[in-house]
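The domain 'SIS' feature in TrEMBL is assigned to 51-193. For K68, E120, E161, H202, the entry in TrEMBL reads site 'Catalytically relevant'. Residues or ranges marked as domain 'CBS' in TrEMBL: 219-282, 288-340.
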Amino acid sequence: MPSTPTPTMTSDEIIQEASRILLQESNALADCAERLRHENKDQFHQAIYRLFQTLDRGGKIVVTGVGKSGKIGEKIVATLQSTGSCAVFLHPVEGLHGDLGVIQANDTVIAISYSGNTEEVLRLMPSLRKRNVSVIALCGNKNSRLVKESDIWLDGHVKSEACQYIPAPTTSTTLALALGDAVAITLMELRGFTPQSFALNHPGGSLGRRLLLKVKDIMYHISDVLTVFMSTKMDRVVAEMMDYKCNSVALVIDDSGHSVVGVITSGDIRRAIALRGQFFELNANDVMSRNPVTCFVDDLANEAKRLMEESDYSISTLPVVDKNNKVKGLLTFKQLEELI
């Protein structure tokens, strides 16, 4: 059997090394932010407004890069797309073999290369110039060929990579990714991209559900919940509650049969049994929680959840009403917790 290798680091040394890497990368982000506020702010302004104009005129953002920079570029494109900016990724080698056709005259290219001298990216530049497209270099070397041949420079310089002895792209790619986020989110805010628009791009996930799902989509319909009057005896409430789909809550309505005036939960029933004698002689009016907080059928489910969570007292159910305050159903915190 092969022997088990002996670790060359102690447990404390492992934690220290991991902490050093995280601190080094976070310091690189802080350094970049400081430069952005001062010497690099004009370049960032130009980049954002150039991209804004590109999208406003019906163009798109084309991101290119190779190796680790290409992987970062793909993630930047994904973030741009999900936040409402039309963007595509172009591998520079594929671009040289026909895929340059994706670039149109009103597009803007973001070229990523830490050294700024990556041959595959540089070989694209003459073709980009012929198409008269703007090029933004996301690069760590302001004296590089890429920066000199580009219109705008986004400063991605780092003091060193996180790997002490091997120059593996680590800190530099973290910074490039963060700069991509800064570009995407700033563009999103500049263009007035709303949470509802964001949700439309995420219909299949929890993000979309959180922003699009309405109370009426998940509530118990009124026919699924026991409704009683204030004068209804508690023996009937207990006997009939279990016959309904929502079998732990009863809604107490006024004499018109339209407006909800109280809620009886299984917890209310347990407390009433413990505190009062002759429980089954009581009416719903004696046990119910009065003047319950309600929500509307067309409210966002996420807002209803926030209403429950931010209440001064514990709320696990919300009667659902229409614009005329007629009760339409019931929403429980458990339903929201499962879906949002």
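Glycine is no exception: its Cβ is also placed from the backbone N, Cα and C atoms.
Each of the recorded sites E120, E161 was scored by the number of other CB atoms within 10 A of its CB, and the lowest score belongs to E120.
For the pair K68 (site 'Catalytically relevant') and E120 (site 'Catalytically relevant'), the C-alpha distance works out to 13 angstrom. Around K68 (site 'Catalytically relevant'), a 10 Å sphere centred on its CB holds 16 further CB atoms from the protein chains shown. Sorting the domain 'CBS' (288-340) by DSSP state (H, G, I as helix; E, B as strand; all else coil) yields 16 helix, 16 strand, 21 coil. For the domain 'SIS' (51-193), the number of residues in each DSSP class (helix H, G, I; strand E, B; coil) is 64 helix, 23 strand, 56 coil. DSSP states for the domain 'CBS' (219-282), grouped as helix (H, G, I), strand (E, B) and coil, give 24 helix, 22 strand, 18 coil. The two recorded residues, E120 (site 'Catalytically relevant') and E161 (site 'Catalytically relevant'), have Cα atoms 22 Å apart.
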